[in-house]
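Annotation source TrEMBL lists transmembrane segment at A:12-29, A:59-81, A:87-104, A:151-173, A:194-220, A:226-246, A:258-277, A:289-305. Sequence annotations record features per position, and here TrEMBL assigns region 'Disordered' to A:309-343. The compositional bias 'Basic residues' annotation in TrEMBL covers A:310-319. Per TrEMBL, compositional bias 'Basic and acidic residues' is recorded for A:329-343.
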Amino acid sequence: MFTAIFGSFEAGIIYAIMALGVYLSFRILDFPDLTVDGSFVTGAALSAVLIAGGMNPFLATILALFAGFAAGCMTGLLHTFGKINNLLSGILMMIALYSINLRIMGRSNIPLLNTETSFTKIGEFFDSLGIDSFFNSLLTMVGLGDSLPGTWGILIFMIIVTFVIKWLTDLFLQTEIGLAVRATGNNKQMIRSFSANTNLLTILGLGLSNALVAFSGALIAQQGGFADVGMGIGMIVIGLASVIIGEALFGTKSIARATLAVIGGSIIYRIVVTLALRVEFLDPGDMKVITALIVIIALTAPKLIEHSKEKKRKAKRRQEKMNRLQASAERKGENHAALKSDS
Amino acid sequence: MLHLNQIHKIFNEGTPDEKIAIDHINLTLKPGDFVTVIGSNGAGKSTLMNIISGVLVPDVGEIHIDGKNVTAMSEFKRSKMIGRVFQDPMAGTAPSMTIEENLAMAYSRNKTRTFRRGVTKKRRDYFREVLESLHLGLENRLSAKVGLLSGGERQALSLLMATFTEPAILLLDEHTAALDPSRAELITNLTREIVAKYQLTTLMVTHNMQQAIDLGNRLIMMDKGQIILEVDAQNKIDLTIEGLLEEFKRIRGVQMASDRAVLS
């Protein structure tokens, strides 16, 4: 059990980078970008091919980031200069990327087992530090010693990487260009009247968004030990689930808060899925329908709750009004009676 | 400062809905001119504003701002020189961003945007100072989201954002029409103050004849895409609503069609 939760925590923090990318397009730019399903695989495919070919895994992961940026820019070009509807430009790019990803890989699946990846390197580095045995002995002390994770290195490394990316994203969104990107998603007419090129800003925003998605894909491929051409199916919905769950649970007061919420949402999503799959009659193939259900609930529940609250408030106010009216009517009646008895 | 030469614009050309929106208009604004534009619905006032700001491209004619031919310049490039306030108070600001972030975006209008921080300590002090000129207490709410402000407050902020970088031209498109009378008066007074303070060359469209008479040093009346009446500074001083309506009747031979214009 602990290992399963530990695993979903680790996956959650890697997928959080993808969710941050989805947050950039979906929330900041107000652009539901389906490119994600393709660019996630592009990142995985490119890094897997390069790593299998003997390239330094860290360098390969960085190159995956640039590939994602290019894919996002293409979607942006289709939407801004091609004047194609935003959903459709994303879908077109997603389909195109499917073939491109196959071309990059040369076949539909590349295994990375027994290959040196970013994570094996990190694992070795941590082994040499002896931190793993320290954490594991801690766990044994609190009575969780029967199922110990192989290495803490990946988790600690990924927490650092994800939070550096979160911090950079926060900083970027506060710069002059970042503010203009946010305004592009918020009020295009307004920011154009302040001499901002909304087309370029949309392209830049989508590029950055998909760069993060591809980066996350590259890391997931190395963590899972393979890249597969179908691994991106439904990725946009997982990203949305993370964003929406995070926002609902942790709030969106400021940009820094919202990005933190997205990371939290991604981890919680993974844990929920892990727990759901432990239910007897569910199998891994049901994951997509579980994801869809989570998103549907997260989207509809707040509205339903708000609606019923509003109804109750209205009923209460009406009741109070009626009571007041009745009270004043009774008072009048008494006065009337008093007058009558006088005469 | 602003020079329009033979501007002509037709909508839906070649269809049964064909309409001449702007009919060979010439207009020149000298530096510091404040021209108010009135006219009934469909007279072409808003189209004229959209052509000057670059939202629409004229079929014929040239636009010069500050001596430069900007006819083919894109909207966002042109907006370095043009400040705009729209009718809808929601249109001029970004609601989910804070007051200081909105001001920072407006502040970058005539500069190149970089990866430097948008809101710095120095800028925040400056924003506080310019916000004080609105007398709305917004200087104490710098980090409040603009979506929380009332329509009047948002429109005051839009006006400030459009003007404090001192653009060559200020375009006001019925910017008080969506507000209740007291708010509208507040914005009208602010407009007068700000235009005078920065000596802005201004073109203001309004449905409110009294406002058109009270503000500015020149007045033009539009109808069916043409400028049918120009009142210069000297004659504008003794102008009345009755006088304007009479002029319209004399020129066009019919009553002015917009009851909204008369009533407001």
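Along the chain as shown, the residues are counted starting at 1.
A Cβ is built for glycine as well, from the same backbone N, Cα and C atoms used for every other residue.
Where the annotation comes from TrEMBL, it is an automatic prediction and has not been curated.
Note that the structure is a prediction, hence the values are computed from the model and not measured.
Proximity of the transmembrane segment (A:12-29) to the transmembrane segment (A:194-220) is established through 3 or more Cβ-Cβ distances under 8 Å for residue pairs spaced 6 or more apart. For the transmembrane segment (A:151-173), the neighbouring stretch richest in Cβ pairs under 8 Å, chosen from A:59-81, A:194-220, A:226-246, is A:194-220. Only pairs six or more apart in sequence are counted, and the transmembrane segment (A:59-81) with the transmembrane segment (A:226-246) gives fewer than three Cβ pairs under 8 Å, not enough to call it a contact.
For the transmembrane segment (A:194-220), the partner stretch with the highest count of Cβ pairs under 8 angstroms, out of A:87-104, A:226-246, A:289-305, is A:226-246. Sequence-distant neighbours of the transmembrane segment (A:289-305) (same chain, 6+ residues past either end, Cβ-Cβ under 8 Å): 234, 237-238, 240-241, 244-245, 248, 269, 272-273, 276-277, 282.
Note on the transmembrane segment (A:226-246): residues 15-16, 18-19, 21-23, 26-27, 32-34, 36-41, 44-45, 47-49, 98, 101-102, 105, 108-113, 213, 217, 220, 258, 261-266, 268-269, 288, 291-292, 294-295, 298-299 of its chain, located 6 or more positions outside it, place their CB under 8 angstroms from a CB of the stretch.
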